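Summarising the annotation, TrEMBL assigns domain 'AN1-type' to 1-34, 76-124. The region 'Disordered' feature in TrEMBL is assigned to 120-181, 193-218. Residues or ranges marked as compositional bias 'Polar residues' by TrEMBL: 135-147, 200-210. Annotation source TrEMBL lists compositional bias 'Low complexity' at 148-175.
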Amino acid sequence: DFLPLKCDACEQIFCTDHIAYAQHDCTSAYKKDVQVPVCPLCNTPVPVRRGQMPDVVVGEHIDRDCKSDPAQRKRKIFTNKCLKPGCKQKEMMKVICDQCHKNYCLKHRHPLDHDCSGAGRPLSKAGHAAVARAQASSKTVTASSSGAARPADSPSSLASARAAASQTASTSPPAVTLQNGLSEEEALQRALEMSLAESARSSAHPPSSTQEEEDLALAQALSASEAEYQQSQRQVSEAGCRLCAVV
């Protein structure tokens, strides 16, 4: 040929018939064979750096950036994100650590791979919940104790409490006091009358034998108590009369 033809790959001189890569079996043709893979779902060109596998790059594009419906449905399935700092891997199902009860990917599922903060031994869900409640309660107690603390009982407060107790004891009623404006004898008589009236009302609807026995025993006890009280009153009055006679 009149003008030399130089291959831009191997930089050798060829004629017009052999200048093509395939015609002279160029050993450096791969340097010029640069192709951009296309996503099979959204038909978008995916840039690939030198040294990267096109299949790997296209797969990452489908998992992250592809706008097609199948890719988006797939991303909805992989929703369990790894909690390892710096890891962006997502799994189809949860992979829970049996010590710290956190979710991780398959690569970081072992305690040594994610710097587990657990107790070093497997812990059940109930135990983990109990530990969480204990920690929450301890925080609450700490917060309450850091607030306004209750003042300690001073000697003056103890003395005032004792004085109030002694005053209450001194003002307590005697043995024979008025009950609703009635003396003890009148109150006993009123209780006996109420018991007899209740037994008369229950005669129309006879109760069980046990109830009748209890009512009878109560009436007998009330009558005996009234008789004893009247006898004691008579003894007191007789003693007063004797003293008067002696004087």
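The backbone N, Cα and C atoms fix where each Cβ goes, and this holds for glycine too.
Since we're looking at a predicted model, the values are computed, not measured.
The average pLDDT computed over the domain 'AN1-type' (1-34) stands at 83. Broken down by DSSP into helix, strand and coil, the domain 'AN1-type' (1-34) contains 3 helix, 4 strand, 27 coil. Each residue of the domain 'AN1-type' (76-124) gets a DSSP state, and the totals for helix, strand and coil are 2 helix, 6 strand, 41 coil.
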